[in-house]
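Chemist: Take this structure first; my questions come after.
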Amino acid sequence: MLRQVPRTLVAGGSALAVAVGVLVAPLATGAAAAPTYNYAEALQKSMFFYQAQRSGDLPADFPVSWRGDSGLTDGADVGKDLTGGWYDAGDHVKFGFPMAFSATMLAWGAIESPTGYSKAGSLDELKDNLRFVSDYFVKAHTAPNELYVQVGDGEADHKWWGPAEVMTMARPSHKISASCPGSDVAAETAAALASSAIVLKGDDPAYAATLVSHAKQLYTFADTYRGAYSDCVTAASAYYKSWSGYQDELVWGAYWLYKATGDATYLAKAEAEYDKLGTENQSTTRSYKWTIAWDNKQFGTYALLAMETGKQKYVDDANRWLDYWTVGVNGQKVPYSPGGQAVLDSWGALRYAANTSFVALVYSDWMTDATRKARYHDFGVRQINYALGDNPRSSSYVVGFGANPPTAPHHRTAHGSWLDSITTPAQSRHVLYGALVGGPGSPNDAYTDSRQDYVANEVATDYNAGFTSALARLVEEYGGTPLASFPTPEQPDGDQLFVEAMLNQPPSGTFTEVKAMIRNQSAFPARSLKNAKVRYWFTTDGFAASDVTLSANYSECGAQSGKGVSAGGTLGYVELSCVGQDIHPGGQSQHRREIQFRLTGPAGWNPANDPSYTGLTQTALAKASAITLYDGSTLVWGKEPTGTTTDTTPPTTPGTPVATGVTTVGASLSWAASTDAGSGVAGYELYRVQGTTQTLVGTTTAAAYILRDLTPGTAYSYVVKAKDVAGNVSAASAAVTFTTDTTGETEPPTTPGTPVASAVTSTGATLAWAPSTGDPAVSGYDVLRVQGTTTTVVAQTTVPTVTLSGLTPSTAYTYAVRAKNVAGDVSALSAPVTFTTAAPPVDTVAPTVPGTPVASNVATTGATLTWTASTDSGGSGLAGYEVLRVSGTTQTLVASPTTATVALAGLTPATAYSYVVRAKDGAGNVSAVSSPVTFTTLPVTSTPSCTVVYSTNSWNVGFTGSVKITNTGTTPLTWTLGFAFPSGQQVTQGWSATWSQTGTTVTATGLSWNATLQPGQSTDIGFNGSHPGTNTNPASFTVNGEVCG
């Protein structure tokens, strides 16, 4: 459940990304040491967590066995398909802002540490998770300047505690647009799509190109129509308000687009916007006392731009931030617990430490400063190890991993309640493998595993994002072993759909009266029962089945009436219908339906021999397996009688099992099927034989079973028994005995055929080869580039062909291929293939001249220019524009937009300006300049007309202050805010303005992007502060010295 206060209450950043092409130094440790923890298993399980968070239509073979389809009507309220995406946390709202941040962080981790994912056997799962969420973002981007950023309502969602599959509350869709801007979420979604495109490009270049196209549009949207999304989408403001503003996302999004496209214009944009990022209070020093999380990404951009450009100002900002987390800055340092946990904030403390750890590890790889390199590396390893169990409690904070892990995460679907109750059942019904909980919220290492504690035990997609990427980095350095049979499908914890019944009164000679209760406690996965039917079976005792009539005194499923139906011989039944009722595990009344019904027959009717009468009492409701329950025509509970004769004959004995595919940890068993002439074979029970002891290891409905998690070099014996529908069990089969391998499969696959190159272009080619064979089966191929004596894996595929991309024109390439089988054995390398890429096409044609610019939104310090777009026929495509200021005979470059519009800022009031524009293509050809546009900025207004709205969120001796300034006048307003604290409060850090405090007087001045407000326009600014125990609001506020209403 998301709290109703912000998770991050500072100006600062939260979004990480790594650039393709950044050269990094070798890992901090020259030779990988044995890992303290099995990082590969933790990474593998973290991928499971993201799968468990999926919304929408899930495939039949989905690895999370207890999840089903959900949210299938998302977007229907606005006529759009908004199915898919991730549920945010333990609730079921799809918040686009943290979802996009989480995707970007995961993509960064894949770009930085693909080998870590490969070693953990999780690269396919990572790509699948990124593609799944990218598909959702593409759906949500319904027009160039339109993006749906939230589905569901937090307040309504949090009032209900049940599984996602059976939600019934309204799920409204919320969007941003040109008239309702959201630069923060639009730029973050652009970053998510651009970074994901980098990861997915090698597998599907066309799909990656689609993601980049959407990312470009979204970034232009974010840059052109500026504003914080939570100002317009107020449904998000109580949960994921953009406290830091959108400046950080403009840097972050531009950087990622640069890495995805190679277009240096985006890098220049990132650097230009960087200079407007938040600073420490009353200082020009970039903020460093917080960290990267869903709201603010500036801390991640410190490291990214440092690694990309090497410029000292970025290096200084990154070092200062990470020093604050490690050794301290100017005597101040993030708080540490006695056990070594870095605790920045009470809500999701482990999340903040994990995010910082990932950046620290990546940044340390790049550094040449030996002291800081070791410091940041060791900090990252230490914080991740703390979460995995290296803490005073010797306990993991990752569900389903390590020693004493959390068992009660604050997660509705994993809990599996059918009563809309956070406490029932007491134990969670599912294991939410891989979920990182919030952990200790104070620097004292204290923690209680309680589902009701939605601070310490909350889980969320953004909690796992940096943590997952850090795990991939540690697997790359230290290794690890993924679990061979993970995940294992969970088995139902009892009856999911059933009928309870009792007698309402003693039977008479003409009727039987029964109280029946249909219950839906399903969670494997949860499901709605909308076509429920119940059959009560009776014997005819010499009369016709139609002589029995059905009636009901009380029914929660509507009127019940009818006559008995013959089932053949002396068997009949009456059917009660709940068709049209939504019986689902969603509450006390929602999960059940009660019917009190009566069967009336001829005089002298004896109910004692009726199959459904067996076991009924007058004392209490009890499960009645002889009263059958159906979903439509499908039997979901109970056993249908087979006439008046009871089946007491067991099935025939199964054949002796045969073991095949024996590996170090598993084997496949199969046997000749049993037969049963009575109620029919229901399935088989497999037993391990150890001396005179037989231990049940599993059941199956097929005459085969796959054994997993065996011990290498160990002898095993098994027998099989058959069981029929009536419950009769056959004799055991003869035993099969085999010994698992000690070193795995000794026969690798055959060597693949020599690759053949085709479709060779200047930047790519297709390779195909004759497939390998072997037993066990071939699972895939590694494609390796050969450079002298060095070979490097550049692609992996499950089919004998691969498409290469991103090659250099006019360059010779050599590749070879090797095969792998399911046991991990690798074949010899194939013979190599060598080919040379084609020369690049030459573009010498300049774009057409742009149209004459048109000035609009002219203010005191800014204006907007638009012009008719250029076209380019030379082949390299239009890359962007250069906007030049004209002063006499001098032309000065002032902006390089990628679209036919630019917002000018920092102009002087009451001053004439002239500008021209020229276009530039991908080959560097430049058009002639356009005709000039001339305009004069407005003079500064001296009498502002405004309103100020002030609100706070307080805790202990701290608080967050939020201020909305609105220009209610008719002319532009360049503002300076002033007020006085009445209770000794102090501003400690602010954002979206330059803050200062002298005594009790506080002053805030606008930044370049929000300093001037047009008529009717608003800006949100804010700060963190301290108070002595009383936090009285200021009496009044001034703008430019005048009292503001």
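Backbone N, Cα and C define each Cβ position, glycine as well.
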Chemist: Of the residue ranges 553-566, 931-944, 1029-1042, which one carries the region 'Linker ('hinge') (Pro-Thr box)' annotation in Swiss-Prot?
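Modeler: Matching range for region 'Linker ('hinge') (Pro-Thr box)': 931-944.
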Chemist: Quick one: which of Cys578, Cys1044 does Swiss-Prot link to Cys946 by a disulfide?
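Modeler: Of the listed candidates, Swiss-Prot names Cys1044 as the partner.
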Chemist: Look up region 'Linker ('hinge') (Pro-Thr box)' in Swiss-Prot and report which of 599-613, 734-748, 959-973 it refers to.
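Modeler: Result: 734-748 is the stretch Swiss-Prot calls region 'Linker ('hinge') (Pro-Thr box)'.
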Chemist: Of the ranges 504-510, 588-594, 644-650, which one does Swiss-Prot list as region 'Linker ('hinge') (Pro-Thr box)'?
Modeler: 644-650
Chemist: With Swiss-Prot as the source, which of 15-30, 703-718, 815-830, 831-846 is set down as region 'Linker ('hinge') (Pro-Thr box)'?
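Modeler: In Swiss-Prot, residues 831-846 carry the label region 'Linker ('hinge') (Pro-Thr box)'.
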Chemist: Which recorded positions are spatial neighbours of His410 (active site) here, meaning Cα within 10 Å, out of Asp91, Glu458, Cys946, Cys1044?
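Modeler: Near His410 (active site), where near means Cα within 10 Å, the recorded positions are Asp91, Glu458.
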Chemist: Around the Cβ of Asp449 (active site), how many other Cβ atoms lie within 10 Å? Please give the count over every shown protein chain.
Modeler: 17
Chemist: Expressed to the nearest Å, what is the distance separating Asp91 (active site, nucleophile) and Cys946 (disulfide bond) at their Cα atoms?
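Modeler: About 39 Å separates the two Cα atoms.
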Chemist: Reported as an integer number of Å, what is the Cα distance between Cys946 (disulfide bond) and Glu458 (active site)?
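Modeler: Checking the Cα atoms of Cys946 (disulfide bond) and Glu458 (active site) gives a distance of 41 Å.
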Chemist: Sort the residues of the domain 'Fibronectin type-III 1' (653-743) into helix, strand and coil with DSSP and give the three counts.
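Modeler: Across the domain 'Fibronectin type-III 1' (653-743), DSSP assigns the residues as follows: 0 helix, 44 strand, 47 coil.
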Chemist: Please spell out the DSSP helix, strand and coil residue counts for the domain 'Fibronectin type-III 2' (751-840).
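Modeler: Per-class counts: 0 helix, 44 strand, 46 coil.
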Chemist: Tally every other Cβ atom lying within 10 Å of the Cβ atom of Asp91 (active site, nucleophile).
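Modeler: Summing over all protein chains shown, Asp91 (active site, nucleophile) has 25 other Cβ atoms within 10 Å.
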Chemist: For His410 (active site), list the number of other Cβ atoms lying within 10 Å of its Cβ atom.
Modeler: 27
Chemist: Within 10 Å of the Cβ of Glu458 (active site), how many other Cβ atoms are there?
Modeler: 26
Chemist: How big is the Cα-to-Cα gap, in Å, between Glu458 (active site) and Asp449 (active site)?
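Modeler: About 11 Å separates the two Cα atoms.
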